[in-house]
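The annotation active site is assigned in TrEMBL to 45. Annotation comment: TrEMBL describes 20, 21, 22, 23, 24, 25, 62, 122, 123, 124, 125, 182, 183 as ATP binding site. What TrEMBL records for 24, 62, 122 is Mg(2+) binding site. If you look up TrEMBL, you'll see 49 marked as substrate binding site.
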């Protein structure tokens, strides 16, 4: 936990094995579930690239979804995403092209949360994707010290990506809160069972969701697990999801 966050409450860092795997979708579900419990949620996506110009400002679409899920007013969007970049590239490169390089200390500062709140931080791209001049997503996660949710697409080949990411998190001594396998296609081979395979290789709960799952169904499936983060249950009561 960074010095600015010392004290009460805590947080989660949402990362992925790749870009476009559904990190925002999962982070928003977590925010809605916590909000339903009366938790004061502080969503953070410190930098977002690929922002579209709206009027005179760049609009961070992912941050707007996070803010809405957490009940944060649109006029406070700067608290969610401090750095907005136009180019649809890795943030370090997009920032460089904008003439304003970013550094890890700035992103850590942008993730500060008010005392008593629960922070949900969403990275950009995959765990080892460059985030700034001197850091990867993994470096930001390590600096913040929050448990990590790993999001991946539930498809053939994802096991290797997930296991590499889990090993990297373990080497950095970051606790794995959950693995979410997202967007399982209807035509996936019925014998492919990535959830079971991963569950045998991590103590964290592993969830899988079909492509196009409605947000309400996602929220319901993750509700017990998400509640356990802020209100820990008796040991052993949280297992693999479905």
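Every residue gets a Cβ built from N, Cα and C, even glycine.
Nobody curates TrEMBL annotations by hand; they come from automatic prediction.
Positions of TrEMBL features highlighted on the structure.
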| residue | record | Cβ contacts under 8 Å, 6 or more apart |
| --- | --- | --- |
| 20 | ATP binding site | none |
| 22 | ATP binding site | 16, 151, 153, 180, 182, 183 |
| 24 | ATP binding site | 62, 65, 66, 122 |
| 45 | active site | 60, 62, 63, 66, 80, 81, 121, 122, 123, 124 |
| 49 | substrate binding site | 85, 86, 87, 88, 89, 90, 91, 94, 95, 124 |
| 125 | ATP binding site | 16, 18, 19, 90, 91, 131, 137 |
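Most Cβ neighbours within 10 Å among the binding-site residues 62, 122: this distinction goes to 122.
For residue 183 (ATP binding site), the Cβ neighbour count at a 10 Å cut-off comes to 20, with all displayed protein chains included. Within 10 Å of the Cβ of residue 123 (ATP binding site) there are 27 other Cβ atoms, across all protein chains. The Mg(2+) site, placed at the center of the C-beta atoms of 24, 62, 122, has further neighbours from the same chain whose C-beta lies within 8 angstroms: 14, 23, 27, 28, 45, 48, 63, 65, 66.
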